[in-house]
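K.L.:
Not my notes, these are from TrEMBL:
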DOMAIN    B:73-258  domain 'ABC transmembrane type-1'
DOMAIN    B:343-537  domain 'ABC transmembrane type-1'
REGION    B:1-21  region 'Disordered'
TRANSMEM  B:28-52  transmembrane segment
TRANSMEM  B:72-99  transmembrane segment
TRANSMEM  B:111-132  transmembrane segment
TRANSMEM  B:138-158  transmembrane segment
TRANSMEM  B:195-219  transmembrane segment
TRANSMEM  B:239-263  transmembrane segment
TRANSMEM  B:288-310  transmembrane segment
TRANSMEM  B:353-371  transmembrane segment
TRANSMEM  B:383-403  transmembrane segment
TRANSMEM  B:415-437  transmembrane segment
TRANSMEM  B:466-484  transmembrane segment
TRANSMEM  B:518-537  transmembrane segment
């Protein structure tokens with residue numbers, strides 16, 4: 001058994017840098033339901049692809065199909081140019097980090113981390129050296145003999161990551177790797193993870209419903225909904241130029257206003273934002289709450305559209321308002337933010353202005 | 001086994017919904033299934049079908065229209081149901097004690113509650129007859145004695161899972177305002193269901209095929225399918241009638257198993273099993289009531305055991321150890337061997353039966369969890385359970401007319417006894433191990449696969465260790481069952497190698513005080529051997545979920 | 001922790017290996033025996049002294065293998081079932097009750113062993129296929145001391161047992177589930193008439209509170225006051241030989257068989273049809289009738305030898321003499337009516 005397991009796995013360290021992962025027209029069906037239909041995606045060698053989307057949109061199925069845990073009804077998953085349809089999970093040489101870690105409870109931390117190495121018959125001494133290195137890498141040096149039941153959620157997820165990395169995967173698959181963790185930890189771990197992936201130049205696919213996570217980690221982001229890829233883009237461009245209302249909605253846009261672009265400036269009834277390089281024509285503006293700034297009406301320095309505060313919500317670094325603007329067709333109620341220092345009360349009138357950072361241009 | 005690479009074809013069509021490369025595990029699955037079903041076929045299906053075939057004649061159907069037959073069916077099922085209910089009721093507090101209460105010497109407790117299971121039914125029947133003072137046929141005595149034998153099954157099966165349940169779910173329920181009883185009903189009990197169903201199925205089968213107890217305490221008046229099949233086959237050579245009753249028994253057993261299968265639909269994988277959290281602690285508040293109930297059950301179990309022990313040191317003229325001294329001899333020639341040798345025979349036979357049943361049972365479990373089609377799995381599961389529900393005499397007589405066709409006439413081989421015992425023990429192994437394996441999170445296996453473990457490596461690295469505790473439990477219990485097995489053993493054991501239960505039966509079937517004393521001393525020896533075996537196996541069993 | 005459990009696991013595996021290797025397994029114990037063997041198929045009660053066994057093996061040069069197959073009924077039925085592929089060479093233990101069935105199914109081959117000329121007429125059978133080897137008469141036994149203490153006269157015959165003064169004193173195993181029970185039923189049928197007579201007798205027994213148990217074990221070893229069980233009832237159905245097992249230190253038996261209540265059960269042996277070793281089988285048959293074997297059947301199996309001139313053990317003459325005129329029934333009649341009688345008996349005793 002062992003002999004052919006070893007040579008089937010890609011030789012550690014050698015990467016097919018250019019080809020990477022390609023999904024071609026992948027369709028997955030469960031009985032009569034279609035979980036994925038006609039997916040075309042790619043993650044070139046060394047890049048991190050984030051798959052973003054609402055729950056139940058097929059993100060996990062996508063990841064499981066790549067891992068070989070699900071079979072595609074049609075289409076092909078390729079890595080480094082090779083069609084993987086006949087390659088079982090354990091010979092794909094892909095590492096996977098599951099949502100809740102899925103650590104082996106019957107093994108200690110070292111036993112978990114070295115698992116993949118044992119599967120490839122790596123000697124004991126080298127295993128322990130490798131385990132030490134990886135635990136150091138994920139910030140858990142010296143945790144070898146801990147029982148996994150004694151670990152905190154963050155630690156468990158780090159161990160899961162170390163375990164997946166230990167096998168030197170050609171491709172790392174991360175399924176909502178941080179979603180079970182508390183916010184502070186999640187943010188910190190996302191940054192750590194991003195650095196780690198960048199440093200090791202690992203090709204990876206991250207599935208998540210968390211925007212921050214996706215944008216922190218990914219070189220490219222694909223938005224998946226109802227089994228289809230709605231858009232695949234570099235993060236910054238996705239953020240500012242979502243393809244349609246659905247994508248924009250998922251990226252936090254709550255209000256959509258028609259407008260026009262002329263001379264590198266997009267204008268709408270609430271004001272205008274610069275968009276150098278965009279050609280002239282009709283455009284749909286997607287406004288996030290942060291795209292609309294409210295100011296107390298009393299101050300005449302802020303002309304523009306006015307509205308009445310309906311609700312007020314304190315967030316950790318700003319105050320969010322719901323503002324009624326009766327004369328604005330299609331956006332009678334919109335979300336706006338206001339600086340902490342100048343908070344209007346419900347019922348008060350406020351002046352509204354666009355903040356370019358929170359405005360996306362659709363259909364571009 | 002070598003992978004077929006379908007390179008260079010884009011859009012290759014694979015079977016929908018199946019993981020890539022699953023074909024690679026099919027041959028292994030096939031080999032495993034063939035091994036398990038092959039054993040079952042040769043040592044169970046073939047003999048049973050052969051003896052049924054020999055008996056089936058047109059007039060066989062006449063038995064089915066006989067009023068008396070249906071009375072027997074009704075009584076069989078009724079007493080089995082009552083016995084099962086009682087065993088469950090009595091077994092649950094003990095399971096709680098084993099799983100959740102910190103008691104010093106718990107291993108000893110485990111050993112003690114296991115002892116009843118091995119005792120010869122004839123001797124226990126006689127003990128109940130004496131203790132209850134009912135020499136008259138008595139249904140309640142039958143039910144009590146059946147429950148006495150099977151409390152251990154419930155306590156061990158349920159206790160095993162209970163000990164592995166995550167206690168936090170209960171804590172959560174308590175914090176949400178559920179009382180202890182409510183918590184038990186809404187959280188603990190549903191999580192225990194897989195084990196409860198297992199125990200119920202096994203106990204029901206044991207009780208419905210209970211032979212010695214029904215015979216002794218029913219004084220020949222209360223008849224079950226099992227006793228009737230025995231009498232018709234062995235005494236009357238009415239194979240036709242026996243075949244009809246055997247078919248009825250088979251139908252009843254299948255019906256019971258079908259009900260159990262329906263009931264456990266999607267439930268066998270209930271509560272999350274994880275590495276032991278050491279959930280035992282000191283009882284609080286109302287939990288003491290359960291502890292008290294457990295204590296009462298324990299005391300009730302100890303009464304017949306104590307009575308047998310007292311009996312083993314009694315003589316007409318007061319206390320005497322004559323029975324024990326006689327163990328070094330052969331009775332007055334009643335046995336082919338000395339009592340000690342019989343004990344050794346028991347150990348050797350049970351060892352063989354245990355490793356056979358463990359190999360088969362674990363292999364069967366691995367095959368069962370690999371089967372994707374639910375009905376195939378159910379079917380195979382049911383097939384594995386059948387030997388518990390079919391009369392030992394049917395199987396034994398079947399052996400006589402089939403096994404000579406195999407090379408090396410197994411009918412007179414010393415290995416036939418462990419084979420037959422393994423047939424009885426294997427279902428117990430399956431029922432103990434399968435629920436645990438079904439409760440293993442599929443993603444753990446997937447995690448192992450993504451780390452490079454092939455299908456059987458996953459079984460070895462994930463399933464077996466996680467089921468390690470259950471496998472040890474099954475080994476211990478299986479060993480004990482084999483030690484006490486009499487139905488098939490009494491039928492097949494060769495005189496030069498009688499096991500203790502066989503020796504006891506021979507001793508008690510002879511007149512003379514010394515024979516009787518030696519029979520009871522042998523009972524004590526059997527209990528001692530059992531308790532010792534349980535202690536040894538329990539001490540090998542690791543505290544955390546086993547690491548292989 | 002892990003190292004610890006791993007060590008334990010290794011210990012467990014090692015223990016298992018040691019157990020298997022150290023002979024805690026039956027594998028390899030059979031190993032085709034080196035010498036020539038002859039196999040005796042018999043019932044569970046069969047026993048033979050080491051000395052007699054060694055004698056046979058030395059004289060014949062064959063190793064004697066014994067295959068026990070349940071009680072006399074089970075044995076007979078198993079022989080019938082395995083007729084085409086017998087599990088031995090000689091069968092011993094088919095009794096009068098099952099005699100006809102064995103013959104009807106041609107289980108045995110004709111053979112008249114040496115010494116069969118010394119079998120007295122009372123045991124002799126016409127058919128050359130079966131040879132009477134011993135007799136084990138089924139009789140009512142009583143606890144002598146109980147009757148002495150309670151100042152009740154001892155019963156002497158079956159009719160006495162229905163008298164009011166013996167009410168609640170008699171324990172008997174069921175004919176449906178026990179061999180001696182069956183013999184007792186046949187005895188009552190023989191003694192009181194095949195039509196209504198025996199039924200009336202049983203009705204009287206029932207109303208005299210007879211205690212019916214499923215097996216001889218419960219009746220004798222538990223209900224009977226004269227055995228080690230110290231039961232409540234001083235009258236029990238057992239064997240003519242049973243008192244020999246209840247001899248106290250004074251050499252007197254605590255119990256007595258009522259010689260007028262006995263039913264003769266003869267146990268037969270024969271060469272099995274299709275035996276693998278017919279010649280050895282015949283030698284074994286000769287041995288079963290030899291003085292060496294016959295002289296030890298009483299002590300080993302609590303039965304009476306059938307060959308003339310073989311003496312009973314010394315104290316048996318006093319405590320367990322052979323019943324002089326036991327009842328008997330034609331085996332063919334038994335074979336034809338057995339099941340019907342049992343079911344009639346069941347009806348009768350279902351209160």
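Just so it is clear, glycine is given a Cβ too, placed from its N, Cα and C backbone atoms.
Surface or core, plus neighbours and distances: that's what I need for these features.
P.N.:
Beyond the transmembrane segment (B:111-132), the same-chain residues lying 6 or more positions past its ends with a Cβ under 8 Å from any Cβ of the stretch are 94, 138, 141, 144-145, 148-153, 155-156, 210-213, 215-217, 298, 301-305, 307-308, 311, 476-477, 480-481, 483-484, 486, 501, 504-505, 508, 519-520, 523, 526-527, 530-532, 534-535, 538.
Residues 79-80, 82-84, 86-88, 90-92, 94-95, 98-99, 110, 113-114, 116-117, 119, 121, 124-125, 128-129, 132, 192, 195-196, 198-199, 202-203, 206-207, 210, 213-214, 217-218, 222, 297, 300-301, 304, 431-432, 473, 477 of the same chain lie 6 or more positions beyond the ends of the transmembrane segment (B:138-158) yet place their CB under 8 Å from a CB of it.
For the transmembrane segment (B:195-219), same-chain residues at least 6 beyond its ends with a Cβ under 8 Å from one of its own Cβ atoms are 76-77, 79-81, 83-84, 87-88, 91, 120-122, 124-126, 128-129, 134-139, 141-142, 145-146, 149-150, 153-154, 157-158, 160-162, 189, 225-227, 230, 249, 252-253, 256-257, 260, 263-264, 267-268, 385, 388-392, 427-428, 431-432, 434-435, 486-487.
Counting same-chain residues at least six beyond the ends of the transmembrane segment (B:239-263), those with a Cβ under 8 angstroms from any Cβ of the stretch are 48, 51-52, 54-57, 59-64, 69, 72-73, 76-77, 197, 200-201, 204-205, 208-209, 225-226, 228-229, 232-233, 378, 381-382, 385-386, 388-391, 394.
Listed by sequence, the residues of this chain that lie at least six past the ends of the transmembrane segment (B:288-310) yet keep a Cβ under 8 A from its Cβ atoms are 90-91, 93-94, 96-97, 101, 109, 112-113, 115-116, 119, 123-124, 127-128, 130-131, 148, 151, 520, 523-524, 527.
Tertiary proximity for the transmembrane segment (B:353-371) is limited to same-chain residues at least six positions away from its ends with a CB under 8 Å from its CB atoms, namely 25, 29, 32-33, 35-36, 39, 377, 380-381, 384, 417-419, 421-422, 425-430, 433-434, 437-438, 455, 459, 463-464, 467, 471, 474-475, 478-479, 482, 485.
Beyond its flanks by at least six residues, the transmembrane segment (B:383-403) meets 36-37, 40, 44, 46-52, 54, 201-202, 205-206, 208-209, 211, 225-226, 229-230, 233-234, 242, 246, 249-250, 252-254, 256-257, 364, 409-411, 416, 420, 423-424, 426-428, 430-431, 487-488, 491-492 of its own chain at Cβ-Cβ distances under 8 Å.
Same-chain neighbours of the transmembrane segment (B:466-484): 114, 117-120, 152-153, 156, 160, 164, 273, 276, 346-347, 349-351, 353-354, 357-358, 361-362, 365, 418, 421-422, 424-425, 428-429, 432-433, 435-437, 440, 444, 499-501, 526, 529-530, 533-534, 537-538, 540-542, 545-548, counting only residues six or more beyond its ends whose CB sits under 8 Å from a CB of the stretch.
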